[in-house]
Amino acid sequence: MLKSSWRAYSRLSYFHHSIYGNSSNPRQLTEYFQSTLPFCRRIQDLKTLKSLLIVHGLITHQQFIKQFTDHCCHLGFLEIALSTFKIIEKPSLPLQNLLIRSLCDNGLFDYVLFVYQKCRGSGCLSDNYTYPFVLKACSALVNVNFGKMIHSAILRTGFEENVVIQTALIGFYSNIGQIVNARELIDRISQPDLVAWNALISGYSFNGFDRGVFEVFRDIRNMGLKPNVSTLASVIPVCLHFGVHIGYSLHGFAFKCGYSTNESLVPAFISMYGNSGELLAARNIFDSLMKKNVAIWNAMISAYSRNQKSDYAVELFQRILLDDARPNMITFVSVIPSCENHHSILLLESFHACVMKFGFEKHISVVTALLSVYAKLQDVDSAEYLFNTTTPRNLLLWNSMVSAYVSNGLWDAGLIAFHQMQMSGFNPDVISIISILSLCSEKGATLPGKSAHAFSLKQGIDVSPNASNALLAFYCDCRELAYSCKIFMRMVEKNVVSWNTMISGCVNNGEAEQAMAFFHQMRQDGFHFDLITLISILPSCNELALGLTVHGFAIKTALIADISLANALISMYINCGELDEGCEFFEYMPNRSVVSWNALMTGYRYHDLQNDIIFLFSQMVKEDQKPNYVTLLNVLPACCSFLQGKSVHAYAFRMGIPLETPLLTSLMIMYARFDDVSSCLMLFHMGEKRNISVWNAVITAHLHSNNARKAFSFFLDLLQREIEPDVVTILNLISTCFQLNNQHLTDSILAYLFHKSFDKDVAISNALIDMYAKCGNLSSARMLFDALQQKDSFSWTVMINGYGVHGDGGAALKLFSQMRTRGFKPDKITYMSILSSCSHAGLVEQGKIIFSSMIQDGILPGNEHYACMVDLLGRTGDLNEACELIQNLPQKPSANILESLLGACLSHGDYVLGEEIGSLLLQTKPEESAPYVILYNVYAAAGKWTDANRVRLEMDQKQIRKIAGFSTFDCA
């Protein structure tokens, strides 16, 4: 190295002194320059030579500059070539073409457009060699407007009949998703050759128009053209969307045509089998080759990386170092992602060292791969260092840096980087728009997202299917489904991803019927659904018949073997109320993931089967399935004792399950449920103080322990820390007001809600109605109810309950009638409220009618509904009918039902029935004081003092005491 540096220095000195003596002899100058240039292989030497050219006025010498630029590009020092080009006033056509080709080969497409514009501004013409490379850059950047401007220039300069340029135009329009324009161009050619067809089929493949790929392939065959390696290379990647059997057929076709061992196609087949998960088939092809080029090694390494087989990928990389094939840029791009599966920053740093050893540290693609994996391993500092030390930067690198911030939740830094990218002269492309839309979706930033939409419309980026799909997802995530539908309807070319996005968007926005309509329309339009389609549509199957249909599709298409779809089917059966079918499906699954166990646990939790959750959790541990934090989120609410809850916490600690915010808050709620507020506070201080969920949990804990003042002090604390409360915080705040029963505080809180526009939320409005009704302020409750623009079923229920609690059964019945007239379907809670209202008002006949209508509506009455009916009949003295109702119960009567009837026996003096019910109640609740007290009063009212004293003695022997009542008074 020192020797070569010294030789370069000597030659540069010789060249410098030679210029002084022979500045007027062009021939000798050329000889001096050409003899010096090969020795300049370091960036410092090239900078010195460039300075000499400038100082001695040779920068205008076109031959010198072309040779110098070619040498810089060959060595990979494109920044020197670009900086030299920028100071040339009148670049030549050969220099333009040389630099544009080199920039294209290195993926610096932004600079391709810069060079072209500078040459055009200086009067330099373009030829049939220039335009294809510029169109390639426009295609890569999805710069539609610039590409169309190039098309206009081609028409003006008369190159439109040139076959190479025609092919480049077809490739440009097809790659940006304007398939109609590409098809029109190829139809204008009298006899398009195979290269033109390959450009079209490549565009179809790139944009995910799978059906179009096979239609063009069929046209090629019908025209008598023999598909070549390039044709098959475009068709192979889309085979998997139609089933792996299509891939087998294409492999057989390639074998028949004699292409099966082609060095360009073998990597494509390895990738195809790798992407389908058939690594054994891919490895068989790889091992069958005696001689392997670097592309084949790269394909096999990439297949292992994609399938999370990082050990095999690293092993192959080590073997390639021992083989004759030297790793190239693509090798590193393929193997670096395997570090993410290893979760090893040390392995990544080792690869980084190899990159530097082989001299690829300046290649943008390799730097981008390193940056992305550093970001995925949460080492944002290293990612930023790579970004800041890399020059020149291209759009791909900027996009990776923005994505790095987005993936690590650094939303503000992501937005700043996006703005800096624009300030640096880079126009956002499809990837930029997708990244910024993802960022806006996560932040709920609708306005910046709409600005990105406007920019994409202005630049013509929105025509790209990928950009359109990102816009669909953005508006769905922002709860603006109407915008998504409009964009979807206007899309000229839809692909499976477009349909999947709309289906999942409808499901996530609660529009299950619309999701199912999109699914049916998708099939009618001839689109083949895939795995994502079925997983997306299953949550909308609220009827078993629809779920069974989707299950049938999964079996028919052989997608049932996928574990993600199997997990979605478990959830579907549970959501349809078919818990037994869900359990049976779970039992017959050959392979279960932790998600499978979690899906079944969620079903048990939904059906309040707490014991089954604990049993399933213990079975999961026995089968060596490692639970994650979602598992514990299901288990913690099922813990029926403080010891169980602490055991689950200890298990999480022992297994190293990270205390992410959802698990932390669930633990806090568990400790609060068992009145261990100190442990709850300890966890609170461990949590992320900027996360509102942690504050909500600690406020809920104090409310549960009836310490409303402390709960309110935490609310004031979070306001002082400038943390924005959410809907859950406000609901807790309303509960705090109810517990404190302070009118002044309630009015202040109400003013705060209006100021922050929380009153527009239906759940908060319902809570306010409930609070005012329970506090006896029915006029304010009704005023809020009437002002509510969007009422739900619960809004009607809380207002009905308010009237019922205060004995206004007539108003409750009237409101219940209005509810049904307006098209709202009463649920179990609504029926309980109206039955309770009838009970308090003594409206027996109306209560019986409502109870009957409940059964007719297909709602199975629970113990709470029977308790209301027993209370209603007991209040009016219909004790025999109440007793008959209890005897006909489908299940064992609850203690509440028996207590209600016993109280009625006491009120109406039916001591015989009271004694019978009292004895039954003592067997149900032997440790509580209420049954003893009521039974004592029954005996006392009947004058049976011996029996009354026996009940009192039994209470004393069991040390059962009646808890004395008390009242509180707020002096504030």
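Glycine is treated like the rest: Cβ placed from N, Cα and C.
Mean pLDDT for the repeat 'PPR' (193-227) in this predicted model: 81. The repeat 'PPR' feature in TrEMBL is assigned to 193-227 (among others).
Here the repeat 'PPR' (293-327) has Cβ contacts under 8 Å with residues 263-264, 266-268, 270-271, 273-275, 277, 279, 282-283, 286, 334-335, 337-339, 341-342, 347, 354, 358 of the same chain, all six or more residues outside its ends. Summarising the annotation, TrEMBL assigns repeat 'PPR' to 293-327 (among others).
Among the features that TrEMBL reports, repeat 'PPR' is placed at 394-428 (among others).
The repeat 'PPR' annotation in TrEMBL covers 495-529 (among others). Helix, strand and coil counts under DSSP for the repeat 'PPR' (495-529) come to 26 helix, 0 strand, 9 coil.
Look at TrEMBL and you will find 562-596 (among others) tagged as repeat 'PPR'. For the repeat 'PPR' (562-596), same-chain residues at least 6 beyond its ends with a Cβ under 8 Å from one of its own Cβ atoms are 531, 534-535, 538-539, 541-544, 547, 550-551, 554, 602-604, 606-607, 609, 625-628, 630-631.
Taken from TrEMBL, the feature repeat 'PPR' applies to 691-725 (among others). Remark: secondary structure over the repeat 'PPR' (691-725) totals 26 helix, 0 strand, 9 coil, with classes taken from DSSP.
Counting same-chain residues at least six beyond the ends of the repeat 'PPR' (792-826), those with a Cβ under 8 angstroms from any Cβ of the stretch are 762-763, 765-766, 769-770, 772-774, 776, 778, 781-782, 785, 833-834, 836-838, 840-843, 846, 850, 854, 857, 859. Summarising the annotation, TrEMBL assigns repeat 'PPR' to 792-826 (among others).
Among the features that TrEMBL reports, repeat 'PPR' is placed at 827-861 (among others).
For the repeat 'PPR' (495-529), the list of distant contacts is 207-211, 241-242, 465, 468-469, 472-473, 475-477, 479, 481, 484-485, 488, 536-537, 539-542, 546, 553, 557: same-chain residues at least six beyond its ends, Cβ to Cβ under 8 Å. Long-range neighbours of the repeat 'PPR' (691-725) within the same chain, counting only residues 6 or more positions beyond its ends whose Cβ lies under 8 Å from a Cβ of the stretch, are 661-662, 664-665, 668-669, 671-673, 675, 677, 680-681, 684, 732-733, 735-736, 739-740, 745, 756. Taking DSSP states H, G and I as helix and E and B as strand, the repeat 'PPR' (394-428) has 26 helix, 0 strand, 9 coil. Remote same-chain residues near the repeat 'PPR' (827-861) are listed as 793-794, 796-798, 800-801, 803-805, 807-810, 812-813, 816, 819, 868-869, 871-873, 875-876, 878 (criterion: CB distance under 8 Å, separation of at least six residues from the stretch ends).
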